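TrEMBL annotations:
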| type | residues | note |
| --- | --- | --- |
| DOMAIN | 43-295 | domain 'G-protein coupled receptors family 1 profile' |
| TRANSMEM | 28-51 | transmembrane segment |
| TRANSMEM | 63-89 | transmembrane segment |
| TRANSMEM | 101-122 | transmembrane segment |
| TRANSMEM | 142-165 | transmembrane segment |
| TRANSMEM | 200-228 | transmembrane segment |
| TRANSMEM | 240-262 | transmembrane segment |
| TRANSMEM | 274-295 | transmembrane segment |
């Protein structure tokens with residue numbers, strides 16, 4: 001590591017502080033976070049196993065749910081092991097390349113999750129508004145293309161933010177990141193050089209992905225509600241609406257947390273740093289933890305198979 005006039009040239013190692021201002025209680029904060037992580041991994045893995053081995057669930061709605069579960073497992077695993085290393089074992093150091101890789105994984109899988117929520121909304125839109133064409137539209141080939149497209153969109157759009165850091169930012173005022181994981185703006189703000197391009201591109205990616213997805217998810221559900229309320233029978237309206245409740249809950253908690261975390265981190269200069277960090281951590285850990293609970297409770301097919309798996313009596 002070379003130092004010129006008090007600035008650091010291309011540091012090889014960075015230091016994550018955890019949650020600034022709450023260092024004395026980080027070991028206790030790690031307990032609920034670890035419980036959330038274990039619950040997320042177990043719950044989402046259970047959903048994946050049920051969908052894989054139950055042929056009656058090999059339908060677009062449940063395949064998208066499996067994609068969401070796999071994304072949640074990867075996303076939470078990108079952040080929590082290192083975070084617990086900081087909280088419990090005083091292991092704050094991370095190599096510069098590993099930090100960039102963690103940043104790419106986190107932001108890429110955030111984008112993948114947003115994309116999966118979008119296609120789940122479109123699936124419900126077609127299923128309710130044009131049910132006769134649903135099986136034709138959501139063919140196996142289309143499902144494969146959707147999975148590849150959502151993943152590539154995230155990877156391709158997030159990758160330039162890493163290149164902009166690696167190629168443009170050479171001098172850093174410090175190697176200490178006031179965060180519990182490697183977040184884009186937390187790394188960029190360490191640099192001495194002009195970071196406007198990095199900020200602009202970060203905003204572009206956020207609004208291109210989250211902005212685009214939330215607009216089309218909202219439009220899908222507006223059209224769904226219009227169609228549902230036009231149904232003549234009350235029972236039919238309730239049945240159609242009930243198939244969307246779980247997705248609406250997941251959609252609201254993901255995007256509300258996303259936007260609250262995003263705007264407080266960039267524009268909430270008067271908010272204490274530990275609030276920013278806690279919100280960011282909750283934003284990454286809460287959806288993987290809550291999604292299997294929401295779908296397990298509100299989706300009858302998943303709930304029935306879970307109960308069958310654990311409580312069915314074996315015949316002699």
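Each residue, glycine too, has its Cβ placed from N, Cα and C.
A TrEMBL annotation is a machine prediction, not a hand-curated record.
Within the same chain, residues 107, 111, 114-115, 117-118, 121-122, 124-125, 128-129, 153-154, 157-158, 160-161, 164, 184-185, 188, 237, 240-241, 244, 248, 251, 255, 258-259, 262 sit at least 6 positions outside the transmembrane segment (200-228) and bring their C-beta atoms closer than 8 Å to a C-beta of that stretch. Per-residue confidence over the domain 'G-protein coupled receptors family 1 profile' (43-295) averages 90 (mean pLDDT, predicted model). As a quick check, the transmembrane segment (101-122) and the transmembrane segment (28-51) miss the bar of 3 or more Cβ pairs under 8 A, pairs 6 or more apart, so the two do not touch.
Counting residues 6+ beyond its ends, the transmembrane segment (142-165) has Cβ neighbours under 8 Å at 60, 63, 67, 100, 103-104, 107-112, 115-116, 119, 184, 187-188, 191, 197-198, 201-202, 205, 208-209 in the same chain.
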